[in-house]
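Listed in TrEMBL for this protein:
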DOMAIN    228-466  domain 'Sulfatase N-terminal'
TRANSMEM  15-36  transmembrane segment
TRANSMEM  42-61  transmembrane segment
TRANSMEM  68-88  transmembrane segment
TRANSMEM  117-136  transmembrane segment
TRANSMEM  148-168  transmembrane segment
């Protein structure tokens with residue numbers, strides 16, 4: 001008899017009398033992240049369904065087909081646990097649709113880059129898999145056929161009850177955000193699959209954005225004296241870590257020299273704490289209260305092209321090849337769009353050089369990786385300029401500096417022509433001292449750090465000479481969800497509709513209240529958020545999205 005088989009038999013005999021304890025341990029491990037992110041009633045539903053599932057599959061374990069079913073079920077349960085646990089442990093959040101959309105849109109290079117964040121979960125997941133398998137095996141051996149049969153009946157009644165109640169609720173509910181399968185899955189220990197169902201549906205809705213063309217009563221592009229516009233969509237940049245805004249380290253030597261030929265926003269505030277929500281709201285008429293396919297179809301990429309500009313989207317962020325999220329859908333309305341799978345943002349520059357050769361008025365969008373997790377991977381070793389001895393702090397600040405250097409390279413290419421550039425970050429990051437890598441996306445109860453971002457509009461000397469431009473500091477708060485309106489004015493596009501959300505228009509009035517959204521689509525009043533992640537959790541009040549929002 002082999003050593004492994006002998007050891008397995010010994011362990012089996014040792015624990016055979018503790019099958020209920022093993023079942024309880026398996027369920028408690030699955031509930032581990034649930035206890036910290038969901039109400040008690042949710043945890044009870046998951047626990048009951050989990051127990052009934054394992055008891056029911058023990059009824060057929062003795063068959064080969066039963067073992068196959070158990071393997072598939074245990075694998076699915078393990079994956080569910082790993083996803084929920086990592087989301088809670090790293091981001092202090094429940095798993096939600098935004099995380100699901102990000103996973104579905106992640107390419108190989110992105111997955112490889114962030115894999116290090118999650119490797120520590122593998123031993124825990126493996127332990128859970130073994131415990132769950134062993135619990136079912138012992139349940140099969142120790143429980144009577146009658147008990148196992150009753151478990152199957154109870155599982156059928158449990159699923160039947162929640163399926164019927166979900167159907168009734170869906171029929172009574174005027175909002176259609178949650179598909180029926182999502183409503184049912186959320187009552188099971190495979191509850192993370194519910195978010196993937198919604199994410200997949202949202203991805204298909206994104207096709208509507210690509211196919212829709214907004215119509216205006218009097219669309220017209222006026223001469224601004226500028227031929228080349230560049231929009232740099234930044235990623236995960238904290239305003240407080242930028243020298244331009246008073247940070248003590250030299251993280252933005254390039255941007256800090258722009259003070260005499262740029263309009264710099266001192267208090268720019270992003271509309272969401274995740275890229276897949278923030279970027280569409282910054283580039284379109286969508287906002288936290290009106291996040292719809294129709295509002296996203298009315299975006300600056302689409303309207304620029306309609307107005308006669310050559311439009312090109314160049315991205316360092318992944319695309320699986322289809323319009324699989326809102327950002328890709330918006331980008332796909334440009335005349336040319338390309339996703340360059342690369343490690344460093346500087347690799348976008350050759351594509352930019354080609355785009356700049358296109359004659360006539362043009363708007364070029366550059367979507368960069370910026371200082372996205374893991375920040376240490378966002379720049380080459382030659383760009384590791386800052387070194388304080390704090391690895392992850394240095395990594396993040398060097399990533400900010402590398403973005404600044406990238407902006408400088410773009411400016412070098414357009415500074416001798418009548419040109420202008422706008423840069424903003426999609427969202428900020430929170431600083432979590434308990435996290436090894438320090439910086440993370442907005443948590444379930446976010447702070448202002450998740451939304452405070454940099455933004456400025458730079459003008460070449462030629463552009464400043466041929467027309468009067470507004471430059472200097474914008475001291476009032478600026479919601480970047482108004483960037484769509486701002487860029488219409490910047491590009492000289494009029495629609496026949498008054499554009500009073502633009503800072504560059506005479507009718508503009510500053511916002512009295514700014515709404516922001518977290519990854520779970522909870523809407524907060526920005527002013528009510530705590531200042532930093534380390535500040536005491538205030539349980540900030542929030543409201544739901546409107547019924548017609550996605």
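Glycine too: its Cβ is placed from the backbone N, Cα and C atoms.
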Under an 8 Å Cβ to Cβ limit, what residues of the same chain, 6 or more beyond the ends of the transmembrane segment (148-168), are close to it?
45, 48-49, 52-53, 55-56, 58-59, 139-140, 180, 183-184, 187-188
Which one of these stretches, 15-36, 42-61, 117-136, has the most C-beta pairs shorter than 8 Å to the transmembrane segment (68-88)?
117-136
Do any residues of this chain, six or more beyond the ends of the transmembrane segment (15-36), have a C-beta under 8 angstroms from a C-beta of it, and if so which?
42-43, 46-47, 50-51, 54-55, 77, 80-81, 84-85, 87-89, 94, 124, 127-128, 131-132, 134-135, 138-139, 141-143, 189
Calculate the per-residue pLDDT averaged over the domain 'Sulfatase N-terminal' (228-466) and state the result as an integer.
93
